[in-house]
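Colleague: For reference, TrEMBL lists these features for the protein:
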ACT_SITE  His53  active site, proton acceptor
BINDING   Lys21  substrate binding site
Amino acid sequence: MAAADLARIADVDIDSDGVFKYVLIRVHSAPPSEAPTGESKEIVRGYKWAEYHADIYDKVSGEIQKKGYSCECLGGGRISHQSQDKKIHVYGYSMGYGRAQHSIS
(Lines of atoms letter the chains of each structure in order from A and count residues from 1; the text may use other names and numbers.)
(Lines give C-alpha, C1' and ligand atoms only; values in the text may rest on other atoms or scores of the structure.)
Protein backbone atom coordinates (compact mmCIF):
# COMPACT_ATOMS: atom_id res chain seq x y z
CA MET A 1 0.00 0.00 0.00
CA ALA A 2 1.36 3.40 -0.92
CA ALA A 3 0.87 6.74 0.76
CA ALA A 4 -1.48 7.68 -2.08
CA ASP A 5 -3.77 4.89 -0.90
CA LEU A 6 -3.93 6.55 2.53
CA ALA A 7 -5.44 9.62 0.86
CA ARG A 8 -8.53 7.53 0.08
CA ILE A 9 -9.34 7.34 3.80
CA ALA A 10 -11.34 10.35 4.95
CA ASP A 11 -9.48 12.58 7.40
CA VAL A 12 -12.60 13.26 9.44
CA ASP A 13 -15.93 11.51 9.93
CA ILE A 14 -18.03 13.01 12.71
CA ASP A 15 -21.72 13.51 13.39
CA SER A 16 -23.12 16.79 12.11
CA ASP A 17 -24.50 18.15 15.38
CA GLY A 18 -24.35 17.58 19.12
CA VAL A 19 -21.83 16.57 21.74
CA PHE A 20 -20.18 13.20 21.32
CA LYS A 21 -17.05 11.16 21.95
CA TYR A 22 -14.26 10.99 19.41
CA VAL A 23 -10.96 9.19 18.89
CA LEU A 24 -7.79 10.22 17.08
CA ILE A 25 -6.38 7.29 15.11
CA ARG A 26 -3.08 6.92 13.25
CA VAL A 27 -3.44 4.75 10.16
CA HIS A 28 -0.31 3.09 8.75
CA SER A 29 0.00 2.07 5.11
CA ALA A 30 1.60 -1.18 6.31
CA PRO A 31 2.26 -2.70 9.71
CA PRO A 32 4.63 -0.25 11.50
CA SER A 33 7.51 -2.74 11.35
CA GLU A 34 7.13 -2.96 7.55
CA ALA A 35 6.80 0.79 6.88
CA PRO A 36 10.37 2.11 6.82
CA THR A 37 9.30 5.48 5.48
CA GLY A 38 6.71 5.85 8.21
CA GLU A 39 3.81 6.36 5.82
CA SER A 40 0.84 7.18 8.02
CA LYS A 41 -1.90 9.71 8.61
CA GLU A 42 -4.13 10.74 11.48
CA ILE A 43 -7.90 10.47 11.21
CA VAL A 44 -10.70 11.63 13.52
CA ARG A 45 -13.88 9.65 14.13
CA GLY A 46 -16.68 10.81 16.42
CA TYR A 47 -20.25 9.60 16.80
CA LYS A 48 -23.22 10.14 19.11
CA TRP A 49 -24.09 6.44 19.15
CA ALA A 50 -20.88 5.51 20.99
CA GLU A 51 -21.17 4.95 24.70
CA TYR A 52 -17.41 4.47 25.03
CA HIS A 53 -14.39 5.63 23.02
CA ALA A 54 -13.49 1.96 22.51
CA ASP A 55 -16.80 1.44 20.67
CA ILE A 56 -15.64 3.88 18.00
CA TYR A 57 -12.10 2.54 17.82
CA ASP A 58 -13.23 -1.08 17.59
CA LYS A 59 -15.58 -0.31 14.69
CA VAL A 60 -13.13 1.87 12.77
CA SER A 61 -10.07 -0.32 13.34
CA GLY A 62 -11.98 -3.32 12.00
CA GLU A 63 -12.89 -1.40 8.84
CA ILE A 64 -9.31 -0.13 8.44
CA GLN A 65 -7.79 -3.59 8.85
CA LYS A 66 -10.18 -5.07 6.26
CA LYS A 67 -8.68 -2.59 3.78
CA GLY A 68 -5.16 -3.85 4.51
CA TYR A 69 -3.95 -1.07 6.81
CA SER A 70 -2.90 -1.11 10.44
CA CYS A 71 -3.86 1.51 13.00
CA GLU A 72 -3.43 2.66 16.57
CA CYS A 73 -5.52 4.87 18.82
CA LEU A 74 -3.69 8.03 19.89
CA GLY A 75 -6.33 9.15 22.38
CA GLY A 76 -9.79 10.58 22.60
CA GLY A 77 -12.02 13.27 23.95
CA ARG A 78 -15.30 14.98 23.17
CA ILE A 79 -16.50 17.20 20.36
CA SER A 80 -19.26 19.77 20.54
CA HIS A 81 -20.32 20.34 16.92
CA GLN A 82 -22.79 23.02 15.87
CA SER A 83 -22.81 22.81 12.08
CA GLN A 84 -25.38 25.59 11.58
CA ASP A 85 -23.15 28.03 13.47
CA LYS A 86 -19.99 26.49 11.98
CA LYS A 87 -18.55 25.88 15.44
CA ILE A 88 -16.56 22.95 16.76
CA HIS A 89 -15.17 22.67 20.28
CA VAL A 90 -12.77 19.79 21.00
CA TYR A 91 -12.03 18.98 24.65
CA GLY A 92 -11.73 16.32 27.34
CA TYR A 93 -10.10 12.92 27.34
CA SER A 94 -10.75 9.20 27.13
CA MET A 95 -10.47 7.10 30.28
CA GLY A 96 -9.20 4.15 28.23
CA TYR A 97 -6.98 5.86 25.62
CA GLY A 98 -6.00 9.10 27.32
CA ARG A 99 -6.21 12.64 25.98
CA ALA A 100 -5.78 13.06 22.23
CA GLN A 101 -3.75 15.98 20.95
CA HIS A 102 -6.73 18.24 20.34
CA SER A 103 -4.63 20.56 18.17
CA ILE A 104 -4.26 17.70 15.66
CA SER A 105 -7.93 16.75 15.92
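All positions are counted from 1 along the displayed chain.
For all residues, glycine too, the Cβ spot is worked out from N, Cα and C.
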Colleague: Identify which of the recorded positions Lys21, His53 has its Cβ surrounded by the largest number of other Cβ atoms within 10 Å, counting every protein chain shown.
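Modeller: Sorting the candidates by Cβ neighbours within 10 Å, the top entry is His53.
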Colleague: Rounded to an integer, what is the Cα-Cα distance in Å between His53 (active site, proton acceptor) and Lys21 (substrate binding site)?
Modeller: 6
